[in-house]
């Protein structure tokens, strides 16, 4: 590892902000860049710097807390968390006796190295000198693309005349995406970033003129300076542009993306073009022989991604105008996620009033996302001229917009009702904004007009990103036990390596001398026969070595983790878009990918194409068997109930989105069919077995090695084997090492994700909300193969009652066979879906009874009141319930808050009994060092760290003497997947047993030399020829469930948890803020509180994505639209609750697992349902404003679209009446 860490690297590691570590170097560099530019940033600066970064493991909190120490506020939480201590301190709350419990921190901030800006590396003088040299033209010629950087405007215009179809690129934030992901090809690219005329910034009589190559960051700096300097009435447009720039991509993109590129890209959902159009900005365009100024009006975009510029013309500059007194301007952007997301609808709105009046003299409204181009609402604007700005104008405008901003039901992008509602809702926000400002301004001139009603003012407030605060509570190791490493918040053993970028992942392994690269050839049809495959164009690409297909498989083409019902390569039929048909092997990744796109496949399409669960039900397309669980007398239970209700809920799928995509390196060893695989997988033994099956050799000829993964979350439990098998077959065919790391869009296309679920329920309940009888039917979307779907459905059925005691219950489950890539394991493994539907019928019962939800929960809990008690000890729930009611009833019509408390009960064990086993190998070397190997894999969860702690405690030696290199099938055979949250339990016990064997062998030497040390005893045993390695094995006892008899013990024990969350929703847009979450999690006696709290927070944030944000969108033909981070949004830094409190339940040892601990990986995920049901609680308050009461359906995820559509009001009714909803 590097001899000296930078403080930025050290703090993220020691603050426990690095789990899998794959994202860590990027986050480190974002923070480093911020500190180089601003040595004392504010917390807001830190949050803004991370808008372009993602992390799937940590939940973001430890990263922000660690880096808070660099800010002006230091490590203080601002007093928001606790009155008696720092937010990172394990302080005592009222329910605990502070006299007996020691204070302990997750890390000691005083140990951090100080940041000294004077010691930073200087910018290389050689590069600085280059900026002083005269500019000269640069040309780079690739195999197919010519890239030219002209040094003057004259050169640029000459080149554009010569190459009129050439693309101009400054930041390459759009063209790069088009070439890589949309298969567009631009043979000539011009880069005008350093031409002075295109970087001009100057004040004119009418506004500020900005060169087309000026970056968005510079534009923001210029406009902020102008807003500070100029009178407020002149900067209305500037402030609107700045508001859009707040949420425009991330800082890294804004640093390179140019304002001209944003205009000329002509995106129909551009953040800025509606603002420029509404402001009537003037554009200066130029060609070799002409220069002209045009207004950005409704004619500027004649068609999709087109402008009125001639091919030989370039955009030289844009003039952003000043505003006048009596002129008001606003811009709005609505997107699924607030930060770094593309817009659903975006708009600019501009109104100018006649002097000293509220009569409209001119108005201009522009929308993006409502047509193939940015459009003006011309008809509406014409109808508002010379009208007073009052309720009558509002009604006229809304009616007109509902008619004018029309969309076809099949419009690209979907969400038609929502988008049309947004056009009206956003105008209403503009109306209120203007009404408020106008009333204040006219009052100064002695004119009185109506101001905004107080309960409506919240609709005029801009979204503010508050600085988060947090508390973490855990049971510290008692005094006198400091040598006991178990229970200590030890840093992840790889954290420092991950922070420096030195941690080795699969694709970091150095290339072999004769290594080749592989790219997949996948189906573009969801259900079809393969008529022919033409590889002639592909084989003509430079560097291509071979096309690999089913005919090249020496063994069996059939594969699958449980049953062999899928193929390595599609042979004569494809059953999903993304079905692997073949692979190209070439000398570079670029050549392989280019050739793979050149393979031509002709199909004969088949019917039906089954995509959704509803399609499968209609076509009776199910895998067998159908599972059922029953307890009690369901029929009698319904008879005894006071009321019966029926309901439904759909839960969408979720992409695992591990930061490191699937990767395999296969190295043929040249004799006896041996193959060595380096794989990013949770299932080393399954990979070994399936590769051996495809190669036609026994498993002992294949070795699979796993160093670490950049995240897994279940996505690399079974689906990783498909890629590994393809790569191994290719390596066997060409007799050379072959490597493949999938691009994000490929990975999302071929691997599947969490199963979508649909549940129908019938509930019988009493007047007090006590549930007496329940009948649930669950349907899961498995995709085109069975994979692990039956086990996932079984777990969903086992969890269909969550934490409630339902005396009479029946659950039936169907696994739907569809034409999608096979869905698979994902953290929770069906449990969250089963429990989510349970909370849905609980919510319906509460709304039907008109009782508080927590009262209905308590009446049916397995242990009434106990789960509530732990959270109520903090006082949050009782204090806030009445406050939220008051907030909703008295103050805010268009902003509502909601509160929800949700328990969870998660069963720990593989439901497939044979998998509940683990092995370990412990090697003690003569110098006393220990090499530890076990069957689990490290994917960021800290398993290796915990296993070192277990071995350290058992052997009685420091962790520093113990090392784990990798997981490998040639050291521990027949390993179970690292899954089901059981890896610490299983492998920990196996290690414990192996260590006990070694201790027994060493005991005679300890007895002979009681004052000796570990090294003395080991050396003595070695010289006495004692075997210093030991195998350990463990199997969980007394497991098994019989679905025929509905009897047995499916789980070893349960992990319990409870969360309470508070949210705030914008009833006009559907956006929401996560205000507060408190979590209490039962992890037994924690092996490592820092890692366990990290798992709780990380799991919670993944659940937050599942239930409120992440949405997979497919076409009716089974094509996945949301491929990659551009369209598929996981939670970002700004999505964490503003206040987050995590407590590990004290004094709750678990005798059924290693050192009284409990599993922690999967159980916390479902607690994010508290956010979903808090949203539903807020929607209930919004619906009450429209006199709507009782149960209503809210599917998951609770996206802005679903939230807005559920908040029915006069605007949604207007759209529906116009649209015939």
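Even glycines carry a Cβ here, placed using N, Cα and C.
What TrEMBL says about a protein is an automatic prediction, not a curated fact.
Here is what TrEMBL records for this protein:
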type	residues	note
BINDING	20, 23, 55, 57	[2Fe-2S] cluster binding site
DOMAIN	140-325	domain 'FAD-binding PCMH-type'
BINDING	168, 169, 170, 171, 172, 173, 174, 175, 248, 271, 315, 333	FAD binding site
BINDING	682, 713, 827, 980	Mo-molybdopterin binding site
BINDING	717, 795, 829, 911	substrate binding site
ACT_SITE	1162	active site, proton acceptor
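Structure coloured by features recorded in TrEMBL.
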residue	record	Cβ within 10 Å
20	[2Fe-2S] cluster binding site	30
57	[2Fe-2S] cluster binding site	30
170	FAD binding site	23
172	FAD binding site	17
174	FAD binding site	17
248	FAD binding site	25
827	Mo-molybdopterin binding site	27
829	substrate binding site	28
980	Mo-molybdopterin binding site	27
1162	active site, proton acceptor	28
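Straight-line distance linking the Cα atoms of residue 911 (substrate binding site) and residue 23 ([2Fe-2S] cluster binding site), rounded to a whole number, equals 33 Å. The Cβ neighbour count for residue 717 (substrate binding site), using a 10 Å radius over every protein chain in view, is 26. Of all the binding-site residues listed here (23, 174, 717), 717 has the Cα closest to the Cα of residue 980 (Mo-molybdopterin binding site). On its own chain, residue 55 ([2Fe-2S] cluster binding site) has 23, 27, 63, 659 as residues at least 6 apart in sequence with a Cβ closer than 8 Å to its own Cβ. Around residue 23 ([2Fe-2S] cluster binding site), a 10 Å sphere centred on its CB holds 24 further CB atoms from the protein chains shown.
Take the mean position of the Cβ atoms of 717, 795, 829, 911, the recorded substrate site; other residues of that chain with a Cβ within 8 Å of it are 788, 791, 792, 794, 825, 830, 831, 910, 979, 980.
All protein chains considered, the CB of residue 682 (Mo-molybdopterin binding site) has 29 other CB atoms within 10 Å.
All protein chains considered, the CB of residue 315 (FAD binding site) has 23 other CB atoms within 10 Å. Other residues of the chain with a Cβ within 8 Å of the Cβ centroid of 20, 23, 55, 57, the [2Fe-2S] cluster site, are 18, 19, 21, 22, 24, 56, 58, 659, 710, 711, 940.
If you take the Cα of residue 172 (FAD binding site) and the Cα of residue 795 (substrate binding site), they are about 46 angstrom apart, rounded to a whole number.
A 10 Å cutoff on Cβ-Cβ distances gives residue 168 (FAD binding site) a total of 22 other Cβ atoms nearby, all chains included. Note: the Cα of residue 829 (substrate binding site) and the Cα of residue 1162 (active site, proton acceptor) are spaced 8 Å from each other. Between the alpha carbons (Cα) of residue 315 (FAD binding site) and residue 795 (substrate binding site) lies a span of roughly 59 Å. Of all the binding-site residues listed here (713, 795, 911), the one with the fewest other CB atoms within 10 A of its own CB is 911. For the Mo-molybdopterin site, whose binding residues are given in the record as 682, 713, 827, 980, the maximum C-alpha distance rounds to 12 Å.
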